[in-house]
Amino acid sequence: MTAQSAVGGRRTRTRFAVLASDFVILALNYADRAVIGVAAPLIIAEFGFSKAAFGWILAAFAFTYSPFGFIGGWLADKFGPRNVMGWAAIAWSAFTALTAAGTGFVSLLIIRLLFGAGEGPQATVTAKIMQNWFPKRELGMAVGIANAATPLGGAIGTPVVVAIMGATQGNWRLPFIIFGALGILCAIGWFVVVRDTPEQHPRVSPAELSHIRQDTEAPSTEKDPAANKGWWRFLGLRAVWSTAIAFFGYAWILWTFLNWFPTYLVEERGIDLDGLAVSASIPWIGGCIGLALGGIFTDWLVRRTGLTAGPRRWTVVLCLAATGALFGAVPMVSSEPGAVALMTVVVFLLYFTGAQYWIIVGEAVPSSVYGSVSGAVQMFATTASIIAPMATGYLVDSSLGWGGMFSVAAGIALLGSLLLAVFGQTYTRKPAPDPAS
């Protein structure tokens with residue numbers, strides 16, 4: 001049965017069911033990721049790790065996460081995003097649970113390497129499936145809402161992990177098992193709901209398909225001439241490499257915050273476990289709001305100006321610059337509530353741009369190579385997830401202390417913003433009007 005014959009002539013909203021499924025998967029993805037940051041003080045205490053040693057454990061995740069972002073995008077181009085995301089979710093959930101079996105530095109290092117490989121594809125696959133399922137006029141909203149799940153996962157996961165550890169006299173292993181089991185269940189739901197394209201889905205009406213394809217083309221089953229030239233040639237486009245560098249600055253602040261902010265609150269600000277449940281989760285809420293509003297706001301700008309890439313690029317430039325400046329100011333705030341409030345603004349502004357990197361790249365390259373090119377951009381950007389946790393460990397152990405962590409991250413973000421402002425210009429067409437509006 002075809003999509004057209006299955007549901008009649010009414011306009012369905014199946015694309016939003018796909019969006020909701022992706023939202024749930026990404027929320028669990030980041031909740032899984034946040035567990036180790038919240039549990040870090042207990043893990044460090046149990047095994048007697050130095051900050052530098054624990055930084056290596058945190059960075060191990062990124063050694064595989066970064067290349068598997070590219071591999072996942074390439075696989076999504078070849079085999080479809082549905083299968084790649086579903087099996088990746090099963091893998092990362094299994095390794096989340098396996099973290100509870102860690103017995104020391106080597107075992108935790110290996111498990112984190114495997115966990116990173118499982119989590120790597122999620123961002124590029126999300127970008128690919130949103131490109132497949134939404135018209136350009138809704139794309140910022142869709143990518144923004146989907147990725148808003150990532151800080152929401154951190155916001156929900158943080159107090160849940162604290163509550164589990166508090167109820168079990170500091171058992172840091174149990175949260176890994178619980179979150180791993182939840183991830184397996186979510187992966188099963190993903191396979192039930194999602195298809196690679198709306199053309200393949202039995203619940204998509206002709207009216208919805210027409211709405212989706214008003215300013216996009218269905219993914220072709222034939223070989224695109226652009227692919228014959230090699231997807232890597234598109235990495236030389238100024239809009240692509242400057243976006244990658246800005247994305248690196250974004251990722252540096254994100255991974256520093258994700259991995260080290262809870263420990264900073266405990267050691268530098270003197271927050272206890274109960275206080276950590278609130279203080280470490282509040283900035284994530286700001287990020288969730290920022291991602292959703294950022295997508296809606298930039299879609300409005302696109303409709304208002306008739307340009308698809310320029311408004312998104314300048315949103316990234318301005319917000320990333322503000323993020324870097326404010327992140328560098330966090331240690332200057334004397335009170336703990338003030339520091340948490342400022343970090344909430346930082347994460348809000350950071351995530352306000354979160355959807356835009358993917359869309360800027362999507363406007364610059366053909367859809368047939370989008371998964372590969374965006375995967376390469378992500379792989380470069382997420383090298384920050386390797387360097388930042390390790391560098392932070394050494395910085396904090398050095399005479400620079402926590403202040404060095406904030407200053408270095410701020411400088412990298414400001415540099416990325418500057419390069420995107422200077423080199424990131426591209427030219428794209430105005431979105432077609434919505435025939436239903």
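A Cβ is built for glycine as well, from the same backbone N, Cα and C atoms used for every other residue.
Features reported for this protein in TrEMBL:
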type	residues	note
COMPBIAS	210-225	compositional bias 'Basic and acidic residues'
DOMAIN	18-428	domain 'Major facilitator superfamily (MFS) profile'
REGION	204-225	region 'Disordered'
TRANSMEM	23-45	transmembrane segment
TRANSMEM	52-75	transmembrane segment
TRANSMEM	87-111	transmembrane segment
TRANSMEM	139-166	transmembrane segment
TRANSMEM	172-193	transmembrane segment
TRANSMEM	239-261	transmembrane segment
TRANSMEM	281-302	transmembrane segment
TRANSMEM	314-333	transmembrane segment
TRANSMEM	339-361	transmembrane segment
TRANSMEM	373-396	transmembrane segment
TRANSMEM	402-423	transmembrane segment
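Contact check: the transmembrane segment (314-333) against the transmembrane segment (172-193) gives fewer than three Cβ pairs closer than 8 Å, residues 6 or more apart, which falls short of the contact criterion. The transmembrane segment (23-45) is not in contact with the transmembrane segment (339-361), judged by fewer than 3 CB-CB distances under 8 Å for residue pairs 6 or more apart in sequence. Counted as Cβ pairs under 8 Å, contacts with the transmembrane segment (139-166) are highest for 281-302 among 52-75, 172-193, 281-302, 373-396, 402-423.
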